[in-house]
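Novice: Quick one: structure below, then a few questions.
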Amino acid sequence: MRLEIENGLEFVNDPVVNELGKICFFHPFTGNLTNKLSFRSHFNRYSFYAINYPGHGNSVINNPKQLEFSYWLEITKQFFDKHNLKDVILFGHSIGGGLAVALTNYLSSDQYKAVLLEAPLNPAIVETPLNIVQNLIPDPDSDFAVIQKCLVYNIEKKLGANFKEYCEREKQKSIHQNQRLKVMLEPSTLKQNIVLINAAFLKLNCPALWIHGKQDGIIKYLPSKAYYESLNNKQIQFKAIEAAAHTPYFEQPQKFLSLVNDFFQLIS
């Protein structure tokens with residue numbers, strides 16, 4: 001799989017012969033499309049597409065408007081049109097999950113087939129303490145260990161004596177690499193994004209699988225489940241994974257892949 005750059009945006013356009021389907025991946029906040037290379041390896045008979053949005057991977061930020069959700073929706077629509085993508089499974093993690101849902105209100109109905117969500121941004125984010133959300137990009141005096149525990153279940157036990165050093169290293173990396181993204185964590189910005197995501201959830205009319213870690217400290221499980229139940233949409237399956245926080249694919253890959261395999265068989 002080859003990463004390309006065009007007009008400052010890094011992307012993957014990787015069709016396969018005799019494909020079983022098409023997957024477009026939408027990365028999480030401060031993540032990038034390489035986060036799911038192992039997922040793509042598992043589903044290697046599917047064509048794979050993805051964009052690194054401005055400020056992520058090797059995609060550049062030319063102006064602040066490129067960090068707006070509406071801009072991400074627009075360039076994704078252009079990407080789909082340029083590559084003539086049809087019947088795509090929209091797969092998103094965290095903010096990428098919110099983007100995947102919002103796109104169902106933005107793409108034409110023949111451009112997408114189903115939605116796969118991993119701990120997606122949804123209106124339940126209001127139940128997460130604001131200091132947790134805003135410290136996803138830390139300040140020098142932030143306790144980044146708290147954030148790591150929200151992201152990965154039992155991470156302190158998993159890393160043992162290396163935990164403190166790991167947190168400091170990740171903190172410094174984020175401070176140096178991600179500061180320009182911090183505007184995306186402002187309450188007013190999140191509110192605008194949630195309005196778009198909620199509107200799309202309310203109208204969602206394609207099969208969807210929503211996978212959420214029960215110990216998620218970023219987008220909490222119980223409020224997310226309550227929001228899902230309020231939708232009363234039989235097209236959406238909601239599946240919880242134990243011993244997983246905000247990254248269930250990496251924390252419990254076999255359970256995650258089993259759920260996805262079943263879903264892909266259902267929609268094939």
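Cβ coordinates are placed from backbone N, Cα and C, and glycine is handled just like the others.
Sharing the features that Swiss-Prot gives for it:
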type: ACT_SITE; residues: H27; note: active site
type: ACT_SITE; residues: S94; note: active site, charge relay system
Novice: Would you kindly give the Cα-Cα distance separating the residue listed as 'active site' and S94 (active site, charge relay system), rounded to the nearest Å?
Specialist: 8
Novice: The residue listed as 'active site, charge relay system' has how many other Cβ neighbours within 10 Å of its own Cβ?
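Specialist: Its Cβ has 26 other Cβ atoms within 10 Å.
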Novice: Please list, in sequence order, the residues in the chain of H27 (active site) that are at least six apart in sequence and whose C-beta is under 8 Å away from its C-beta.
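Specialist: H27 (active site) has long-range Cβ partners L33, N35, K36, A50, N52, Y53, H56, G57, H93, G96.
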Novice: According to DSSP, does H27 (active site) fall in a helix, a strand, or coil?
Specialist: coil
